[in-house]
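Asker: Okay, these came from TrEMBL:
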- 4-62: domain 'Tudor' (DOMAIN)
- 53-110: region 'Disordered' (REGION)
- 66-75: compositional bias 'Low complexity' (COMPBIAS)
- 76-95: compositional bias 'Basic residues' (COMPBIAS)
- 99-110: compositional bias 'Basic and acidic residues' (COMPBIAS)
- 206-228: transmembrane segment (TRANSMEM)
- 248-271: transmembrane segment (TRANSMEM)
- 292-311: transmembrane segment (TRANSMEM)
- 323-342: transmembrane segment (TRANSMEM)
- 453-473: transmembrane segment (TRANSMEM)
- 479-498: transmembrane segment (TRANSMEM)
- 519-540: transmembrane segment (TRANSMEM)
- 560-579: transmembrane segment (TRANSMEM)
Amino acid sequence: MPSRKYADGEVVMGRWPGSVLYYEVQVTSYDDVAHLYTVKYKDGTELALKESDIRSQSSFKHRKSQSSSSSPSRRSSSRSRSRSPGRPGRGRRRSSSQSREHKDDKKKTIQETSLALPAVLVLLKPSENNTKRYNGEPENTEKNDTSCIILEQKLKPDLEVKHFEQYSLRSRKDEKKKDEIYSEKKIFTTVKTIEKAPSKTKELEFGGRIGTFMLIFLLPATVLYLLLMCKQDDPSLMNFPPLPALESLWEARVFGIFLLWFFLQALFYLLPIGKVVEGLPLSNGKKLQYRINGFYAFIFTAAAIGILLYFQFELHYLYDHFMQFAVSAAAFSLALSIYLYVRSLKAPEEELAPSGNSGYFIYDFFTGHELNPRIGSFDLKYFCELRPGLIGWVVINLAMLLAEMKIHNLSMPSLSMILVNSFQLLYVVDALWNEEAVLTTMDITHDGFGFMLAFGDLVWVPFVYSLQAFYLVGHPTVISWPVAAAITIVNCIGYYIFRSANSQKNNFRRNPADPKLANLKFIPTATGKGLLVTGWWGFVRHPNYLGDIIMALAWSLPCGFNHILPYFYVIYFICLLVHREARDEHHCKQKYGLAWERYCQRVPYRIFPYIY
């Protein structure tokens, strides 16, 4: 294993990715496995660089002193003698040593000028080289690029005359490509584009290897515990339910119905209907294509359920075999996770998830090793994110409504059950109608597809999110119309905050120059993106989480206050969102640097205004 050359905290010169320009950086850490240095630029940008892309400051100072020691008059006289038409013979008789000395002089002159450029070009990095606007005015990139070139021309006349013929940071064999490499457009394009070298996941979440190992068993056990509690007459936390016989938890017919449901949704996903859009750029610059037809899949599913009910199919079969369906979904998600990890071992390095590339089997298996696993054009993560589990959640709620009517001999469902079904139906329909917005979430752009998302999408969402409806079947709760109206108002407030905040964020990410967003102000960052400081995002840092929590409370209130079990979802949701918020804070601080610190000073509250 090669020894480490640069120590943590050492100030060196790092090459800007995609260019030949070096900037002053500070070494922050070193990856012994990938042999990459993590360095920090003056604007807070952090990159992973190879040792070959790092040089000591002394080497640059030495070159500059050599260049300064050469006499300008000697360089000018040498150039005039070599160009003089009156002495052609003497010019040809000049020895090779004199010719080399002349070329070295020109090379030193260009070195002296070129080494001064990084200090200027640092000011023209993506964080500041665009004409930023704080009142919604579109970015004037054309004007700014021209001013950058003019400024560069004033600072380096020799480089313009010589067309970078002897730029010292290039090997001689590369000089044949000088017109392409040193054109103005090429330099400023590479300065604006940051390509990070693939690196291992250094900071482990969820308690690292031990924590993720325990969660693989704890999550299924939690689902089983909650469902068993809801079946009890007294679902108190201290009244632990008896464990059922193992053979009662599995039924082949139930597993077959689950497989039929999964592949039916896959068929709807593959239908050539709906528009095709591009996702956000990946680390390699590519953009994946996604077909947006989730709402159509929901309509087709509703039609299929309607046909089954018309032919007297008893949908409350789901309620009678709810535990078996949950176990079948868990078994399928485990098998899918194993497949995903095995196939990720052959995936290219640039296709691995930045959060699931630690090199530890358990951790990568849990968090997801591959970012966007696909079978042809079929995106497994994107499909599971919204289709089988989310639409299945609505179908389960409907089954619980029908089961309540049958068990309690009701001509119509209870008001509590209607509220729970209506609120959660609105949430699912909203997600499917705004399906394109999921492409900007961290689940798609950052997290890999492993056991965490597979189990969450296929088991946790349909079987835990429907906990209130499942609870009401065995524990009916009567509420008055004024109480129902008050709960409805609470849900509407939460939904309005959730939807309007997400719409502001998604529209701004896709088109910051949209005239509809002219009233929004933002803080520019080194990545070229902006951090909103007005609207909902100037109120708290995560207003969408605030809306989520308010809606979760409204979903639980129809269950009354006899037991805390229906409020498990609220408690879980608060813990989940606080964890996500902490992860987002850490991720944004690394990504945006000083701009994020300015944003936190401008917007001090994270989720709850004046509280947290």
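The backbone N, Cα and C atoms fix where each Cβ goes, and this holds for glycine too.
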Asker: Would you kindly list the residues that approach the transmembrane segment (453-473) from elsewhere in its chain, counting only those six or more residues past its ends and only Cβ-Cβ distances under 8 Å?
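Answerer: For the transmembrane segment (453-473), the list is 219-220, 223, 226-227, 230, 235, 262, 319, 322, 325-326, 329-330, 332-334, 336-337, 340, 368, 381, 384-385, 388-390, 392-393, 396-397, 400-401, 403-404, 407, 414, 416-417, 420-421, 424, 443, 447, 555-556, 558-559, 565-566, 568-569, 572.
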Asker: Are the transmembrane segment (519-540) and the transmembrane segment (248-271) near each other by the rule of at least 3 C-beta pairs under 8 angstroms (pairs 6 or more apart)?
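Answerer: As far as Cβ distances go (cut-off 8 Å, pairs 6 or more apart), the transmembrane segment (248-271) and the transmembrane segment (519-540) do not touch.
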Asker: Taking only the residues in the domain 'Tudor' (4-62), give me the average pLDDT of this model.
Answerer: 81
Asker: Per DSSP, what is the helix/strand/coil residue tally across the domain 'Tudor' (4-62)?
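Answerer: The composition, in the requested order, is 9 helix, 26 strand, 24 coil.
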